[in-house]
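Under the heading compositional bias 'Polar residues', Swiss-Prot lists 1-12. Residues annotated as region 'Disordered' in Swiss-Prot: 1-112. What Swiss-Prot lists as compositional bias 'Basic residues' is 38-55. Summarising the annotation, Swiss-Prot assigns phosphoserine to 42 and lists similarity to another entry as the type of evidence. Per Swiss-Prot, the feature domain 'EF-hand 1' maps to 129-164; the stated evidence is sequence analysis. Residues or ranges marked as Ca(2+) 1 binding site in Swiss-Prot: 142, 144, 146, 148, 153. According to Swiss-Prot, the feature domain 'EF-hand 2' maps to 183-200. If you look up Swiss-Prot, you'll see 206-241 marked as domain 'EF-hand 3'. The domain 'EF-hand 4' annotation in Swiss-Prot covers 243-275, and the record cites sequence analysis as its basis. Swiss-Prot lists 256, 258, 260, 262, 267 with the feature Ca(2+) 3 binding site.
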């Protein structure tokens, strides 16, 4: 068979294979010819897929919250936000202090009360210098020298002595003088009326000498310092009964500013002013 004859036999077949199908007829394509269908992922899905890759090895669940999970920590019974249980407030502390006796203050009162009353208190006798001071003030306001001053002059006389009465105190004294003393007082009545108030108000001005005397009562060896042993010796004489050693030690530590275990005169004055 010649070449031309062979081409003539194949020609119709090749032509038939290249013919287009009639209009309206769909010819199925093979799987090899049709590319696989793909859908473009959204940004949200790509982010979710990347998150799964990062956490997939640890087994943690991403995306929506896992069941039972919460941003708040589990409750521990300690109050809001894990705060520790409330401790007893200051009210309970104040209550304990209110019911607890102030042993230091009580000991100071028992120790120094009788001495201070004798040195500064209402029950002590006025000294000659104080009587002279009262006499001078009385005579200053007894302008007619009849031995009396009126209730109107009493306030100014008291201020001259350093005592600063309130208006209510002056009113009470004036009414007392007008009702019981005929509106005026002599010197003895003046001392009886003003003496106790004057002693209370002016003790810090008149009492330096008396404080020295009181300090010497404690300072038995006259070394200018008071020791615990000297306090223990002095207290029975002042109180008629001994004071417990720990109470004395506590009072001494309170005022012992330089920490030498003794009390000098300045510390002694501070101790008396506190109690």
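Every residue gets a Cβ built from N, Cα and C, even glycine.
Counting Cβ atoms from all protein chains shown, residue 267 (Ca(2+) 3 binding site) has 19 others lying within 10 Å of its own Cβ. Here the CA atom of residue 256 (Ca(2+) 3 binding site) lies 54 Å from the CA atom of residue 146 (Ca(2+) 1 binding site).
Put simply, residue 153 (Ca(2+) 1 binding site) is 41 Å from residue 267 (Ca(2+) 3 binding site) when counted between their Cα atoms. For the binding-site residues listed here (142, 153, 256, 260), the lowest count of other CB atoms within 10 A around the CB belongs to 260. Note on residue 146 (Ca(2+) 1 binding site): other Cβ atoms within 10 Å of its Cβ, all shown chains, come to 9.
Residue 142 (Ca(2+) 1 binding site) sits 49 Å from residue 256 (Ca(2+) 3 binding site), taking the C-alpha atoms as the reference points. In this structure, the binding-site residues under consideration are 258, 262, and the one with the smallest number of other Cβ atoms within 10 Å of its Cβ is 258.
Taking the domain 'EF-hand 4' (243-275) as a whole, pLDDT averages 70 in the prediction. Closest by Cα distance to residue 258 (Ca(2+) 3 binding site), from the binding-site residues 144, 148, 153, is 153. Within 8 Å of the Cβ centroid of the Ca(2+) 1 site, not counting the listed residues 142, 144, 146, 148, 153, the chain contributes 141, 143, 145, 147, 149, 150, 184. Here residue 260 (Ca(2+) 3 binding site) is positioned 60 angstrom away from residue 144 (Ca(2+) 1 binding site), judged by their C-alpha atoms.
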